[in-house]
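Student: Feature table excerpt (TrEMBL):
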| type | residues | note |
| --- | --- | --- |
| DOMAIN | 78-157 | domain 'HTH CENPB-type' |
| DOMAIN | 230-483 | domain 'YjeF C-terminal' |
| BINDING | G330, N383, Y384, M385, E386, F387, S388, R389, D452 | (6S)-NADPHX binding site |
| BINDING | 423-427, 442-451 | ATP binding site |
Amino acid sequence: MGPKRSVPSGSKSAPKKRRRVMNLKEKVELLDMLRSGKTAAAVGRHYCINESTVRHIKKKEKEIREAIAAAAPTTAKYLHKPRDPNLSRVESATFFWVLDCYKKGIPVDSGIIREKAKSLYDFLKENEGEGSTSADFQASKGWFENFKKRFSLCSVKVMGEAASADQETASIGQEAAREFPETPKKLIEEKGSIQLLPFKLDCRDVPEVNVLERSFSVHKAHSVKDMENIFQLVRNVIPPLTTKKHKGQDGRIGIVGGCQEYTGAPYFAAISALKLGADLSHVFCTKDAAPVIKSYSPELIVHPVLDSPHTDEEVAKWLPRLHTIVIGPGLGRNDTLLENAKGIIEKSKVRGIPVVIDADGLWLIAQQPSLIQGYQRAILTPNYMEFSRLYETMFRTSVDSNDNHRCVLRLSQALGNLTVVQKGEKDIISDGEKVLVCSHEGSSRRCGGQGDLLSGSLGVLAHWAFLAGPEKTNGFPYVKTSY
Ligand SMILES: NC(=O)C1=CN([C@@H]2O[C@H](COP(=O)(O)OP(=O)(O)OC[C@H]3O[C@@H](n4cnc5c(N)ncnc54)[C@H](O)[C@@H]3O)[C@@H](O)[C@H]2O)[C@@H](O)CC1
Ligand SMILES: Nc1ncnc2c1ncn2[C@@H]1O[C@H](COP(=O)(O)OP(=O)(O)OP(=O)(O)O)[C@@H](O)[C@H]1O
C-alpha cells in the first residue's frame, strides 16, 4: 500500500508501524489451529501477531465462521456489517425532533427520546410489511449514548417539579442553544428551576476524528511504486474493457441542470462523465438551454424537459434506464426548476439510484435538508460557500475553519451518514464515520467549471464503485469513490 496512513486529527507524532491485517481465510486457519489444541501464544508466534490479537479473533469466532458460511470473500480483511438504513433515518428524524422540542421549550428526557426513536423505527419496519429485513431495535441506553455522540448532543438538568434534582432530563444540541438562546432563559423564568449544564461540549463527548490522507503531486517526479498505488485504487473500481458487454453497461448517467443562464455547467458534467468512461450521458435541462447544449457535442443526449409542465412523467420515462443522477450543475435557482429537481431526487430515491448533488442542487438541499437526509446513496459535493450554507442550515452556527475535518464529519452525520465531499485546496470527504483527506494536487487555476467536471466524473465512479461491490471498496463504495 502507499503512503496512506491513519493519524489522529492534529497529531504530529511519528507514523505508526503498520499492523498486520489478516484476511478471513487466515483467521479461520488460525481458529482451526486453536481448536486443534495449540495455545494462543504458539498461534501468535506462528502468525507473528500478539497473543491478545489471537484472543480477539477467538472472541469473534462465531461471526468469522458465519461470514465464511455466508460466502464472504475469503480475502476480506474486515467483517463489514452495513449500517441499518432505517436506523440512520430514525436517528436523523429523532435529532430534528429533539431540536424542535427544544425550540418549543419542551423538555425531553432520555427515556422519551428513546421511546420516540423506537416508535419511529417500528413504524418504518411495519411499513415494510412482512418481507421486512429490519432487525428489532430496542433504543437501549447504549444506543442513546452513541446517538448523543453522533449528533454532538449535550445535556441539561431540570430541577424541581419537572424532575428530581439529579435526573438527566433533556439532551439538546449545543448549537441549538446558541440559535435559541432565549428558550432556556424563558424556561428558567417560567419554571424557576432549570439549570443548564455547561453548553460547551466536552471534548470527550466528540468521537475522535480519524483522518486518512493521501497526496500526489502532478508537478513532481514519482516512483513507479507511488503511481502504482494510485492506479490500484482506481483499478479497483474501473470495469474491465471486454467485448462481451452491451452499450450502456458501463454507465448511463443523467445530469439534471442547464437553464437560460448556465449551459456550460451541465455540458462540463455530462462530457466529463463520457470522457471518464460512461457509455451514455443524458442532460435534463430547460427548453431554451437544450439546443445550445446539443450544439456543444453530438455525444450528449439532451432532454428539454426541466421547465415542461410534465417534467415528472418525462423524467420518469428515463429514470429506470439511468445508473446515477447528478443534480445541480447549471440548474439555477428558479422555483419551478428547483421543484422539478426535487421531484427527480424523490423518484431517484424510490428507485435506489445513486445521486450526486452539486451546485444549485445543494442550494435546494440547504432549503430542505430532509429531501436527502438518510439517503446513503447520495454524495454531496459542496464548495466552500455551499458547505457553509448547508452547515449553517443544519447547526445554526458557522463553520469552524480551524476544525474543518470535524465539521465535515458532523454535517455528514446530521444528514444521516451520506457522503460529503468538501471541495477545496484539500478535498475533505466523510461518511460520518471516517474522514478522508485528498490532497492530490490539481490545477492552480480556479476557473469556473472544475466542480462540474468533478460531479460528472463522480456520477460515473459512483456507479462503478457500486458495481465493484464492497470487497473492492472495503465496504464503503461512495466514500472510496469520492476519494
Ligand atoms: N459555464 C457555466 O455554465 C458555469 C456555471 N456554473 C453554475 O453557476 C451556478 C452558481 O454557481 P456558484 O459556484 O457561482 O454558486 P454561488 O452562487 O453559491 O457562489 C459561490 C461563491 O462562493 C465563492 N467561493 C467559492 N469557493 C470559495 C472559497 N473557498 N472561499 C470563499 N469564497 C468562495 C465563489 O467565488 C462564488 O462567488 C451553478 O448552477 C453552477 O453550476 C458554474 O458551475 C461555473 C461554470
Ligand atoms: N484552493 C484550491 N486549490 C486546489 N484545488 C482546489 C482549490 N479549490 C478547489 N479545488 C479543486 O477544484 C475542484 C472544483 O472545486 P471548486 O471549489 O472550484 O468547485 P465549484 O465552485 O463547485 O466549481 P464550479 O465552478 O464548477 O461550480 C475540486 O476538485 C477541488 O479539489
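A Cβ is built for glycine as well, from the same backbone N, Cα and C atoms used for every other residue.
In terms of burial and nearby residues, how do these features look in this structure?
Tutor: In the predicted model, the domain 'HTH CENPB-type' (78-157) shows an average pLDDT of 75.
Sequence-distant neighbours of G330 ((6S)-NADPHX binding site) (same chain, 6+ apart, CB under 8 A from its CB) are G257, G258, C259, E261, Y262, T263, G264, A265, P266, C285, A289, A359, D360, D452.
Taken residue by residue with DSSP, R445 (ATP binding site) is part of neither helix nor strand, so it is coil.
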Student: Between the Cα atoms of K423 (ATP binding site) and Y384 ((6S)-NADPHX binding site), find the distance and write it as a whole number of Å.
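Tutor: For K423 (ATP binding site) versus Y384 ((6S)-NADPHX binding site), the Cα atoms are 7 Å apart.
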Student: Quick one: of the binding-site residues E425, D427, R445, G449, G451, which has its CA closest to the CA of E386 ((6S)-NADPHX binding site)?
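Tutor: Going through E425, D427, R445, G449, G451 one by one, the Cα closest to that of E386 ((6S)-NADPHX binding site) is G451.
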Student: 10 Å Cβ neighbour count around D427 (ATP binding site)?
Tutor: 19
Student: So what sits near S443 (ATP binding site) in its own chain, CB-to-CB under 8 Å and at least six residues off in sequence?
Tutor: Q450
Student: Please classify the secondary structure at E386 ((6S)-NADPHX binding site) using three-state DSSP.
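Tutor: Where E386 ((6S)-NADPHX binding site) sits, the three-state DSSP reduction gives helix.
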Student: What is the maximum Cα to Cα distance, in Å and rounded to a whole number, among the residues G330, N383, Y384, M385, E386, F387, S388, R389, D452 annotated as binding (6S)-NADPHX?
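Tutor: Max Cα-Cα spread across the (6S)-NADPHX binders: 20 Å.
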Student: Give the distance between the Cα atoms of S388 ((6S)-NADPHX binding site) and R445 (ATP binding site), rounded to the nearest whole Å.
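Tutor: The separation of the Cα atoms works out to 22 Å.
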Student: Between the Cα atoms of G449 (ATP binding site) and Y384 ((6S)-NADPHX binding site), find the distance and write it as a whole number of Å.
Tutor: 15
